Amino acid sequence: MASGDVEYRCFVGGLAWATDDRALETAFAQYGDVIDSKIINDRETGRSRGFGFVTFKDEKAMKDAIEGMNGQDLDGRSITVNEAQSRGSGGGGGHRGGGGGGYRSGGGGGYSGGGGSYGGGGGRREGGGGYSGGGGGYSSRGGGGGSYGGGRREGGGGYGGGEGGGYGGSGGGGGW
């Protein structure tokens, strides 16, 4: 994809393990034309990692979906919906957390605590992965460099977060 292309993509977190691509698309189609819906699966087990992405045809549909779906129930779970960072932005995925991926609050985080992880220490699955994993988590602070995807993603990184985030970044010490 050329760097000038614009995608209207939402990050959807907190998904039930049973939610599939089709259920995700169906839930979001009421807001506009869905171009793509994708649940991210663990490459070793094939199971859902509890998050995914929905891409819309236009910006209005994306913004309406974020407004309408964030905090709503889908398949028995309250989901989080945010605008996804494009793959081309954020300086190529540099990870500024240093060391083990940006835990700053000592005991593994909690929602604020100076750049800790959104989901706490181990994510929502055994052995890391899931919504936050071991690699920093969602950080609303500029220097956090957090990782939505969690620590088990090859090469560290993960989705977005902080300055210099970037989807699928391979820089720095992110992850386990």
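Here the Cβ of each residue, glycine as well, is placed from N, Cα and C on the backbone.
Feature annotation from Swiss-Prot assigns compositional bias 'Gly residues' to 88-103.
Positions annotated as domain 'RRM' by Swiss-Prot, on the basis of sequence analysis: 8-86.
According to Swiss-Prot, the N-acetylalanine annotation covers Ala2.
Around the Cβ of Arg49 (ADP-ribosylarginine), 26 further Cβ atoms fall within 10 Å across all displayed protein chains. Here Swiss-Prot flags Arg49 as ADP-ribosylarginine.
For Ser105 (among others), the entry in Swiss-Prot reads phosphoserine.
According to Swiss-Prot, the feature phosphoserine maps to Ser117 (among others).
Residues annotated as region 'Required for RNA chaperone activity' in Swiss-Prot: 2-41. Per-residue confidence over the region 'Required for RNA chaperone activity' (2-41) averages 92 (mean pLDDT, predicted model).
For 83-103 (among others), the entry in Swiss-Prot reads region 'Disordered'.
The feature region 'Glycine-rich (GR) required for cell-to-cell movement' is assigned by Swiss-Prot to 88-175.
Feature annotation from Swiss-Prot assigns region 'Nuclear targeting sequence (M9)' to 97-148.
Annotated region 'Disordered' per Swiss-Prot: 131-176 (among others), in sequence order.
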Check: Reported in the order helix, strand, coil, what are the DSSP residue counts of the region 'Required for RNA chaperone activity' (2-41)?
Finding: 11 helix, 14 strand, 15 coil
